[in-house]
Amino acid sequence: MTNMRKTHPLMKIINNSFIDLPAPSNISSWWNFGSLLGICLVLQIITGMFLAMHYTSDTMTAFSSVTHICRDVNYGWLIRYLHANGASMFFICLFMHVGRGLYYGSYMFTETWNIGVLLLFAVMATAFMGYVLPWGQMSFWGATVITNLLSAIPYIGTDLVEWIWGGFSVDKATLTRFFAFHFILPFIIAALAGVHLLFLHETGSNNPSGLSSDTDKIPFHPYYTIKDILGALILILIISLLVLFSPDLLGDPDNYTPANPLNTPPHIKPEWYFLFAYAILRSIPNKLGGVLALVLSILVLALLPLLHTSKQRSMMFRPLSQCLFWLLAADLLTLTWIGGQPVEHPFIIIGQVASVLYFFLILIIMPLASIMENNMLKW
């Protein structure tokens, strides 16, 4: 009798993706984040669906419907905070996943990498629109500031902003459409993640050495299924601690005040995971320049395959590139800190230096360091 998992049309897909998939024998815990992102996405879709059952996307009732979820719905507070902190965990896993790809040269799988960049944009758009939904002060003013950036686009900018707003300011129409987009985008993200995996399985996984692992493969199950389960348990532990002990740790107190178009909060800032991009946006005095820098701060990732000048794929055996990588990581942490600070001395200049360093490192210093390493090895 033939094995059903190897013959059944549906089971065969699952089998070839998660059971009999040949995987490199030496992939480290940095390869766990893909599965963790999948878990985060499922968690967000499930909690989001339950929240949508009780939420109303109307400016008059949105804030009170969220209060109602937290106070009156059975375990509503838990669902709401799982969803809010699940987004933070999602971005932590995303940053780790992208960082792993940058360090070990995974961007050389160009199709997989470019779909990953597209996924990053989609997740950022979804998170931004989700932050608007509770209709607190920071929701309203965040939506106003960020959508207003599109007015920097020459000629069509103003019309485009009013088209997105559905009027002359962020109002009922904006909230309703943001809710619609926030609901549909995660399913598009799930489909894109499927395509991401499809392209990954065309080439097989990369590994820490950056060398071909064709000579030494092991089956995904049980080796990496058990490893992914350990990662999942750690993720669940962290998110449980966050949700049950300090659910508002990563939030903004301003968002507990209902949206008021007549009162601007002293410091408008997005959620922590956007602060690095927000700092880059603010560090350029020109509006259009700032918007371009904001988009390029993520889009620059798509250029990495073109900027790879080293004859080795991974940074594992390249100490100079390793130092620059961790300098880039420290720079991003600096930008995140600056993004949450008021626009005053010395934060302005720190933000500008960190922003210039960010692009300078990726576009110029790292490719040059790779060429130097090639020469040092007399390649």
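Positions of Cβ are set from backbone N, Cα and C atoms, glycine also.
The structure displayed is predicted, hence computed values, not measured ones.
These features come from Swiss-Prot:
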- H83, H182: heme b b562 binding site (BINDING)
- H97, H196: heme b b566 binding site (BINDING)
- H201: ubiquinone binding site (BINDING)
- 33-53: transmembrane segment (TRANSMEM)
- 77-98: transmembrane segment (TRANSMEM)
- 113-133: transmembrane segment (TRANSMEM)
- 178-198: transmembrane segment (TRANSMEM)
- 226-246: transmembrane segment (TRANSMEM)
- 288-308: transmembrane segment (TRANSMEM)
- 320-340: transmembrane segment (TRANSMEM)
- 347-367: transmembrane segment (TRANSMEM)
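Features recorded in Swiss-Prot, as mapped to the structure shown.
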residue: H83; record: heme b b562 binding site; CB count, 10 Å: 21
residue: H97; record: heme b b566 binding site; CB count, 10 Å: 21
residue: H182; record: heme b b562 binding site; CB count, 10 Å: 21
residue: H196; record: heme b b566 binding site; CB count, 10 Å: 21
residue: H201; record: ubiquinone binding site; CB count, 10 Å: 14
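Among the binding-site residues H83, H97, H182, the residue whose Cα lies closest in space to that of H201 (ubiquinone binding site) is H97. The recorded stretches the transmembrane segment (178-198) and the transmembrane segment (226-246) do not share 3+ CB pairs below 8 A when only pairs 6 or more apart in sequence are counted, and are therefore not in contact. Counting Cβ pairs under 8 Å that are 6 or more residues apart, the transmembrane segment (320-340) and the transmembrane segment (347-367) reach 3 or more and are in contact. Taking only the Cα positions, the spacing between H97 (heme b b566 binding site) and H83 (heme b b562 binding site) is 20 angstrom. Only residues 6 or more beyond the boundaries of the transmembrane segment (33-53), in the same chain, are considered here, and those with a CB under 8 A from a CB of the stretch are 69, 79-80, 82-83, 86-87, 89-90, 93-94, 96-97, 100, 182-183, 186-187, 189-190, 193, 228, 231-232, 235, 239.
Between the alpha carbons (Cα) of H83 (heme b b562 binding site) and H196 (heme b b566 binding site) lies a span of roughly 24 Å. According to DSSP, H182 (heme b b562 binding site) is assigned to a helical segment.
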